[in-house]
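Engineer: Feature list, courtesy of Swiss-Prot:
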ACT_SITE  Lys79  active site, charge relay system
ACT_SITE  Ser158  active site, charge relay system
ACT_SITE  Ser182  active site, acyl-ester intermediate
Amino acid sequence: MSELFKLTLSDITAKLKAREVSAVELATEGLALCEAAQPKLNAFTAFDADKTLAMAKASDEKLARGEGGLIEGAPLAIKDLFAVEGVETAASSNILKGFKPTYESSVTAKLWENGGVFLCKTSMDEFAMGSSNETSNTGPVNNPWKGANGEMLTPGGSSGGSAAAVAADLCFGATGTDTGGSIRQPAAFTGTVGVKATYGRTSRWGAVAFASSLDHPGPFAKTVKDSALMLQAMSGHDPKDSTSLPNDVPDFVAAVGQSVKGLRIGVPKEYRVDGMPAEIDEAWQKGIDWLKAAGCEIVDISLPHTKYALPAYYIVAPAEASSNLARYDGMRYGNRVEGTNLNATYENTRGAGFGHEVQRRIMIGTYVLSAGYYDAYYLRAQKVRTRILQDFEQAFEKVDAVLTPSAPSAAFALGSKSDDPIAMYLNDVFTVTANLAGLPAMSVPAGVDKDGLPLGLQIITPALDEETMFKVGAAIEDSAGFVAKPENWWA
């Protein structure tokens, strides 16, 4: 393993600007590392070495002229949900297998404008539907961290490939999407930092849609500062996305390391759920103690509609998915399975193209939107969503940020929950509220459990206040002193 790839994004960009290392050298090494790790981690879905080296060469030319963007020359991994021009973008689904977009997603375009270098596409749960990266058409991704007895663990989902790539030091940052926790839960499971900004802060244009009102593109990184750097490079108004915010992007990096003294931190009683492992509760209490020691005021708060968040989410998200995924019929792009007539072709194509979990969610979504059940399910879920947002708005009149666990457990063994959808869905219990309310949230490594596996803490802040999120995240990072790394078994 190269020592260079153990560096942070901030450190490597400084070395690139100082001409201590070349972007081409980094890109070449990154490709070799990823290809060597692929047979064991199974984290990647596509490479384009020519594209990678051409982008790296262009970065070197800019740096030689004393130019360059925020992350000039840094190799990045891209979740297989974002269109990268000329590179297969399949959302880890058979129905899009072989699809190579002729356009660039807005998020990746911004990363390239800021100097990022495309390294690879990363595996994910099919169409971002899953919490363990086991529904991918290329098979499960293995977490770089192993269980106490050496068993393979999930990296979380749906952005498990990106989380695994960052945790294994195979790239300097990665993109993910977070619809109900798909950045924050994998970050917690892999000991990385994962960020979901305010809804609309990062553009959804060119990213395959799951649930349009809940989808949040965001970054994975090794440190809070790196995540701020990545989000800075990804954010900004996009006229192609009607939900994109027109607001100026603050200096997220400048917020990292600022004092948290005097900030009021809310601790919601509703997040102390039944059956939560003692280690999760202990990590949460440590986070509270760290922030208190840093000069924060700890305030007990109530978010009374939290108990309805998970069922509301699993009505709203499948409903939007059933609508979004109606466009995949094999007619103009992707795989087509011919039938004896048009309807048979549609049925064959969608039946063969979509995996079981995607089919399950499409059926749930179609059911809750049907004439006899719309009011009973979908409409009520939207009312709950409004109540959840109101709970947060009332809480933020008293506090500046909310602190909770990121996930109800450490990473679990692959296959241990794949036959129990309810147990799988419960992984999102701490994260879905921020999606339903459209609020910024991040997961920061806060320690390890008895088996040495990472645990994460979640910070939620008011809309458009990512700066406070980064301040609090950096304070936890400093206090936790998390430096644990998985033993390298994949090289």
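Each position is counted from 1, following the chain as shown.
Quick reminder: no glycine exception, Cβ is built from N, Cα and C everywhere.
Could you place these features in context, so I can see how deep they sit and what lies close by?
Structural biologist: Packing around Lys79 (active site, charge relay system) is summarised by its Cβ count: 33 other Cβ atoms lie within 10 angstroms of its Cβ, all protein chains included. Look at Lys79 (active site, charge relay system): DSSP puts it in a strand.
Within 10 Å of the C-beta of Ser158 (active site, charge relay system) we count 34 further C-beta atoms, all protein chains included.
Cβ-based neighbour count (10 Å, all protein chains) for Ser182 (active site, acyl-ester intermediate) stands at 36.
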Engineer: In Å, rounded, how far does the Cα of Ser182 (active site, acyl-ester intermediate) sit from the Cα of Ser158 (active site, charge relay system)?
Structural biologist: 5
Engineer: Ser158 (active site, charge relay system) to Lys79 (active site, charge relay system): how many Å between their Cα atoms?
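Structural biologist: Cα to Cα, Ser158 (active site, charge relay system) and Lys79 (active site, charge relay system) are separated by 10 Å.
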